[in-house]
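Taken from TrEMBL as is:
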TRANSMEM  B:7-31  transmembrane segment
TRANSMEM  B:37-58  transmembrane segment
TRANSMEM  B:70-90  transmembrane segment
TRANSMEM  B:132-153  transmembrane segment
TRANSMEM  B:184-203  transmembrane segment
TRANSMEM  B:240-260  transmembrane segment
TRANSMEM  B:272-294  transmembrane segment
TRANSMEM  B:332-354  transmembrane segment
TRANSMEM  B:397-417  transmembrane segment
TRANSMEM  B:455-483  transmembrane segment
Protein chains: 2
Amino acid sequence: MRSLLPVLAVLGGIVMLFAATMLVPLAFAFLGGDAALYAYDGAIAITFTSGLALYLLGRRSRRELQPRDGFLLVSLVWTVLPVFGALPLLFHIEGLSFTDAYFEAASGLTTTGATVLTGLERLPLSINVWRCLMVFIGGMGILVLAVAILPLLGVGGSQLFKAETPGPMKDQKLTPRIAETARGLWTIYFVMALACFLAYRLAGMSWADAFMHMCTTVSLGGFAAYDASFGAFDSPAIELVATVFMLLAGINFALYFVAWRRRSLRGLWRDLEARVYFALLAAAVAGLTLYLMAHRVYPDLGQTLRHTAFHVVSIATTTGFATRDYAQWPPFAPLLLLFLSCFTCCAGSTGGGIKLIRSLLLMKSAQREFKRLVHPRAVVPITLGGAAVDANVLQSVLAFMLVYGAVMVGATLLLLFSGLEVVTAFTAVLSSLNNTGPGLGLVGPAGTFQPLTDFQVWVCTIAMLLGRLELFSILVLFTAAFWRK
Amino acid sequence: MRSLLPVLAVLGGIVMLFAATMLVPLAFAFLGGDAALYAYDGAIAITFTSGLALYLLGRRSRRELQPRDGFLLVSLVWTVLPVFGALPLLFHIEGLSFTDAYFEAASGLTTTGATVLTGLERLPLSINVWRCLMVFIGGMGILVLAVAILPLLGVGGSQLFKAETPGPMKDQKLTPRIAETARGLWTIYFVMALACFLAYRLAGMSWADAFMHMCTTVSLGGFAAYDASFGAFDSPAIELVATVFMLLAGINFALYFVAWRRRSLRGLWRDLEARVYFALLAAAVAGLTLYLMAHRVYPDLGQTLRHTAFHVVSIATTTGFATRDYAQWPPFAPLLLLFLSCFTCCAGSTGGGIKLIRSLLLMKSAQREFKRLVHPRAVVPITLGGAAVDANVLQSVLAFMLVYGAVMVGATLLLLFSGLEVVTAFTAVLSSLNNTGPGLGLVGPAGTFQPLTDFQVWVCTIAMLLGRLELFSILVLFTAAFWRK
Ligand SMILES: [K+]
Ligand SMILES: [K+]
């Protein structure tokens, strides 16, 4: 039996830091004198004390963490933090169940952006700030997870994410220590956040709106401070800003990191995944614009293009903002959006889903099979960006895809079993597992996850967590082999 | 550029034999003096002449067929025969389009059993005989395809189907020559058909009904001579007979072949796939019975069990008979049935879908990934029934699964694009690709494929053919490598 204790010390430290971030909504509440002012001191006290207790509990057994501890740590971080993140919501919003509060916090910290709350504009500003800040913090965690931790653990072939960055990455490895990588990634993330914040302000948002929606844009999170999401602004300028920053945030942050260290954007232009990402999105916008024009959904090309571009980028990057109820478009359109959300995001971004590079590898692996059928004795290696892909990495990616499919089907059957109709069940799972936010049916862009029963909410919560931790990090904890010495 | 000609000679021979089978409905029409009597002589003449022409065209270039020719041959057989199989329908049914007639014939020959016809009971007996006979003939073809040809071509890891049969198969290979294997398989098939025929008659069907429904039972085809399918009989005895023979026909016929040669059933009891098959079906029947009882769908346990057992076996084995409109059951139930239809049939049967043995292998492959995460340096071989599975076979199976998923998603998007709503689109594709027959929505057990547009019917037809030929046999023809010398 492995010991939990060394991991708990680190978790305790993270929980204490998380408590500190609650000072931000507290400051908003204090300065604005809003009704939720007294929701934070209790939350901060409980969170900090719990973190301290965890730290003290684990301190004695503290040792250098081994890779295997990583599975436990990341799983604990993303399942435990929502408990504390839920506290301000529980303390302020009367009648909110723990199930719903945990869902909301987990949805934030996994940058899913699905909500169980309605009447967002009637909530105190500080509560919305906290919701959005959790998304921003979640994004910070995900960057480190995706670029530094998962590749180390070899989850779902994510070794690939590093190795496949062509050009500069070849002769210059990512700063080995996770802490240093984290600092680099976060600097980029903060610079992007600042630019986004100012751009939103310039485009006409209030300072507070600019802050909150910046938080949920660069993290591809998708929470908004309004029930109507970005529809509340009805501003092409704001939508343009959102689109640009969603696009930028969907790229592998390791590329930015290298570009910054090298003072050169060459690696970015040359990256296969990034190129396919832009090409795919451009094709989807063009195609869907034509489709909606043909169906005369909007009166002219300008409006059609505006709504298509915004929603394609928002859903494909798994952000989840909406300005229109695109579930009302002819059914091909919303389904195409959900389909894109499964694989469009680049690895090493804060987006969800299978990731583009895995999808490319899967396609190549299917292609190889055709060659093999014609030339049974030929050895056909699979290459990506010029380099051959290791057979183990390929098998990991294939296994990822299998488990992804199995979780999708299994969770959908659970939701059906619990009484949901098929479209809501399937898209709620799809959207949760891909960390997108909106689905279709009850959980469509005009709805929320509120109508779901507690059981259904938990299924979606688990799907969000599984998707965020790339399935294996959390599922491996349920194998006997993991716990054996 | 490869030459088509040597394959055409063989195809011509098969087409001529196919013409001969039309004598059966002709005999029924003649003896019964039905209205379609004059539909067959033209069809026979055209079919036979075309076959002869193909034979003569290819005869000069005749040579020993190479494995690669197999792809072309099986693809041609299943795409060309429906053209001729459609003729009697076109000649007799006024206003029937070629699209619909081809769909109906392809649906028969692929043992899918989806129909575009309504008012089946008002059709002349001989037309229904012909529809059902095509299913029976299709089943004969599929057995040879699945047991002898696909493993030879290495499609989708189907080498596995042979190698994994434990016990007797180890020391005694299947009769090497395809022709001899075919004779053996067909003998078993005919014995099963005869038993089924007599059992239906004893259970109360007319001779003609017993013949037609035997044709579509042992082939897991699912065509019926009545719009209400097996609901028309409303007889527990008939349903029991159908259930038993569907169950028996869902097992790998290679096992029967070996049992017959060895005069021993030991191989059958010991086969991993067959055991899982029965266990899975038993569990599904038990589980679904409880579920329907809990939802009080039927007044008592007896009726619930009767309808559950029949529909679980019918849909999971991809047969597609129905006695009740199970689409009206709470949504979990029909979706579970469709889910089962994706993978329950054993390889080497006339059933469709992924096949149980592939699914087992996929599960083991995902399992291995968990072990690998915990012990990154361990070499973990995948075994099935005691023997290690070759890495190439595993990769072929994984590639099969990827292409299966891609075709499912791609065809669904096409149907959505053409204007269908999501449930009909998805389940029409699922049901076609798995060669099941009924889906949900418009194409549910109470409906037909008639409301679909020509384009939509073609998408489903292609899905049926792709599913039947295990995707790769037909898709490989669209690669450049195949046609290179
Ligand atoms: K999101
Ligand atoms: K069928």
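Positions of Cβ are set from backbone N, Cα and C atoms, glycine also.
Outside the transmembrane segment (B:7-31) by six or more residues, the chain places 37, 39-41, 43-44, 47-48, 50-59, 61-62, 65, 69, 72-73, 76-77, 80-81, 84-85, 88, 124-127, 129-130, 133, 137, 208 with a CB less than 8 A from a CB of the stretch.
Simply put, out of B:37-58, B:70-90, B:132-153, B:184-203, B:455-483, B:184-203 has the most Cβ pairs sitting under 8 Å from the transmembrane segment (B:240-260). Contact between the transmembrane segment (B:184-203) and the transmembrane segment (B:132-153) holds: at least three of their C-beta pairs are under 8 Å, each pair 6 or more apart in sequence. Taking every recorded stretch in B:37-58, B:70-90, B:132-153, B:332-354, B:455-483 and counting its Cβ pairs under 8 Å to the transmembrane segment (B:397-417), the highest total belongs to B:455-483.
Sequence-remote contacts of a segment are chain residues at least 6 beyond its ends whose Cβ falls under 8 Å from one of its Cβ atoms, and for the transmembrane segment (B:37-58) they are 4-20, 22-23, 25-26, 29-30, 84, 87-89, 91-92, 126-127.
Through the fold, the transmembrane segment (B:70-90) approaches residues 2, 4, 7-8, 10-11, 14-15, 18-19, 22, 25, 36, 39-40, 42-43, 46-47, 50, 96, 98, 101-102, 104-106, 108-110, 127, 130-131, 134, 141, 145, 149, 152-153, 465, 468-469, 473-474, 476-477, 482 of its own chain, all at least 6 residues removed from its boundaries and within a Cβ separation under 8 Å.
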